[in-house]
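Take a look at the structure below.
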Amino acid sequence: MESLYTTNLPQFAYTAEQVQNNEKQVAEQLGFDLSEVMQKAGAAVFQYIEHHYGNHRRLLILLGKGNNAGDGYIVAYLAQQNGYQVTLVSFVDVKSLHGDALGAYLQCQQAGLAVCQSNDLLLQELSAFDLVVDAMFGTGFKGELPEHFGQVCTLVNQHDNLPVISIDVPSGVNATSAAVANNAIKANVTITFIALKQGLLTGRALEHVGKLVFAGLALDELFRDKIKSNVTRFELSQLKKALPNRALAAYKNQLGHVLCIGGNKGMAGAIRLSAEAALRSGAGLVSVATHPDNCAAVLQGRYELMVHGIDAEHQLLALINKASVVVIGPGLGQDVWAQNIWQWMMNAQCLRLVIDADGLNFLAKSDKCTTDNLTERVLTPHAGEAARLLGISNRDVEQDRFDSALQLSQR
């Protein structure tokens, strides 16, 4: 039987709203109604269970009220028909179900599957189950989990040996922003549908997604062709293809010259790692501008590095003028020596810059008029550094990493 899922993820990712607003139109254009799409989604999840958890015969399926729950009911029906022992736990009164989710529930009811309420689960021993299927929220989740959802998610998370498969999006994860609610469920596997959701790819969400699997449900190609994505993911194999081929007769002066600036007194390791990474990435020449006390430590074991102790502006500017690209920040510190290094670097013109670590801290303190010459720059902040650059809190950054990155790119 043809596989209904793949671990080869699409290159483009989308917001939850883009998927919700366009999936019906794409399905109808291909001649499907959404009930057929729901059947395909449930079948893809069940097939994954059969392939990877076929000996886990006792399933616990946690259900909400929307289409995500409908997918869960389809999984339950298919599992029961194939000899699995299935327990259904709903967090809502099934009378509130409607549309395709109601149809999927009625299919289970006709097959003799009973639905328990969530309060009953809190009294059960989870060791009675081999696998949990999370079908509570999906792409529509925002904010915090309601208390009774959070209690059950916490209970499941406490059982490390009990695998969890989340349908489309782990409950408690925002599919657009990557924000994670308190007590969000931690999945071993997330099977996402139609289009890759950007919120599954970064930040704390990664701790809850587990292994990410994609099921296009026969809609993915048309969806990609019709809907513009603002988020592109790259794998190492793709990045390698983007690098120019090295001529067989090439020599070091033709292969770029990287200058790494940093490594304050007692912090030689960071700049040494950066410089060695540049060498390993294929740079023909790598120079290091560091604190004079660190020269021997940085050079040790990598004699290809050209290491310079810097204590005057003309020394640094001479190195910058020879470089193809400059990296500043690793191990730089924020003392007087570091302040001088940053200011001297800012006095240079037409730089291609990668700014990291303490370089970002200095950038956050700089006036815009003093950074206008930094037109070709790459910033590599973690959440705390991004927060300082934007003048917001770490929590604000984590609540929407994509918007934070966009704001940084526009400054």
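Each residue, glycine too, has its Cβ placed from N, Cα and C.
Of the listed candidates (ASP100, ASP120, ASP168), TrEMBL assigns ASP168 to the same (6S)-NADPHX site as GLY138, THR139, GLY140, PHE141, LYS142, GLY143, GLU144. Listed by TrEMBL as binding K(+) are ASN68, SER171; the candidate from ASP33, ASP130, ASP134, ASP220 that the record includes in that site is ASP134. Other Cβ atoms within 10 Å of the Cβ of GLU144 ((6S)-NADPHX binding site), summed over all protein chains shown, number 14. Nearest neighbour of LYS142 ((6S)-NADPHX binding site) by Cα distance, taken over the binding-site residues ASN68, ASP134, SER171: SER171.
You'll find the Cα of ASN68 (K(+) binding site) roughly 5 Å from the Cα of GLY138 ((6S)-NADPHX binding site). Listed in chain order, the extra residues whose Cβ falls within 8 Å of the Cβ center of the K(+) site residues ASN68, ASP134, SER171 are LEU62, GLY64, GLY72, ALA135, MET136, PHE137, GLY138, PHE141, SER166, ILE167, ASP168, VAL169, PRO170, ILE185. Within the same chain, residues at least 6 positions away in sequence whose Cβ sits under 8 Å from that of THR139 ((6S)-NADPHX binding site) are ALA16, VAL19, GLN20, ASN68, ASP168, VAL169, ALA175, LYS197. A gap of 14 Å separates the Cα atoms of ASP134 (K(+) binding site) and GLY140 ((6S)-NADPHX binding site).
Taking Cβ-Cβ distances under 8 Å and a sequence gap of 6 or more within the same chain, the neighbours of PHE141 ((6S)-NADPHX binding site) are VAL169, SER171, GLY172, VAL173, ASN174, ALA175, ALA181.
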